[in-house]
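Right, one structure below, let's go through it.
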């Protein structure tokens, strides 16, 4: 049976607060740039915000339609209006609070109750809604937070200023991006009964693997942008094209609508610029090896360009800090990646635990529960 414990409800409430604060921070940062006369930076921040919000509303509304077995036209019209005003995520948070509170705090008997009041149904609803929210936040992370972070790093390095608040904000952004990817992976595995769930050590190793690899790659892109904005844009477009073509080759079937499916593949192509995303739930040893080997070569290549073609940049304190962080995080990230897949991936880790449980006479079988659109989908 799926479980939605009290700690998940606490994380849910915290997520709502963080989401509201994040909206306020975006507008505060944009207004700050406008006040300083940096209009293009302010417009860019708002464009990232607007783009991610539009994509989130489209997917959220599409999922609401798909989840309704007998859709009520009036209800769908109301839901459409809420999404039109960019408040769709708050509807999902409302349902998450409703089912999450019932699952976490209310004692519901297994006796003669309706299907919608059964504990299994309520816990599953809470988990499924949280998985949807986590997926939408993944879209937001890589359509908004990550590009904004690139802009912040570029501005910091270009201006050559030392501002503790800026450094702190950048560090928190890196942590937020990696936490978002890890949280989604945890939520996704919890919603798929055939997938083994994360244990504490697996969560920590996975979090560090994502934090370090994403940090190294974003810093590398920042260095490329400082070297040549056009070159950076060209590289990002090239990487997106490769990611998009890969999704086409995978023949994904995540959305029922063909138009939404192509939008989904477009968004996945953007995510693949920054981190690996397994979109079919199949083995990806070769793909992930090629992916991170390519990132490593590009990172080393841009550092060599600076050392031999632009040596005057290496005297800047920001370049020294960024280059050291890039190399260290890249090496540690690859180490954590190898350790994670060798010892702490849930499939490997749980296989070891199941062997020990069976040796003690315990069964390793799980309850099978019907799953939805994520059944053939897993992020690595």
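Keep in mind that glycine also has a Cβ here, set from the backbone N, Cα and C atoms.
What TrEMBL annotates here:
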type	residues	note
TRANSMEM	9-29	transmembrane segment
TRANSMEM	41-64	transmembrane segment
TRANSMEM	76-95	transmembrane segment
TRANSMEM	167-186	transmembrane segment
TRANSMEM	207-227	transmembrane segment
TRANSMEM	233-250	transmembrane segment
TRANSMEM	262-279	transmembrane segment
TRANSMEM	291-309	transmembrane segment
TRANSMEM	321-343	transmembrane segment
Candidates 9-29, 41-64, 76-95, 262-279, 291-309; stretch with most C-beta pairs under 8 Å toward the transmembrane segment (321-343): 291-309
Most Cβ pairs under 8 Å with the transmembrane segment (262-279), selected from 9-29, 207-227, 291-309: 207-227
Chain residues outside the transmembrane segment (291-309) and at least six past its termini with a C-beta under 8 angstroms from it: 213, 216-217, 220, 223-224, 227, 235, 272, 276, 319, 323, 326-327, 330, 334, 337
Contact set, same chain, for the transmembrane segment (76-95): CB under 8 Å, 6 or more residues outside the stretch: 12, 15-16, 19, 53-54, 56-58, 60-61, 64-65, 68, 125, 129, 132-133, 136
Same-chain residues near the transmembrane segment (167-186), Cβ under 8 Å, at least 6 residues beyond its ends: 134-135, 137-138, 141-142, 145-146, 148-149, 152-153, 156, 197-198, 203, 206-207, 210-211, 214-215, 218, 275, 379-380
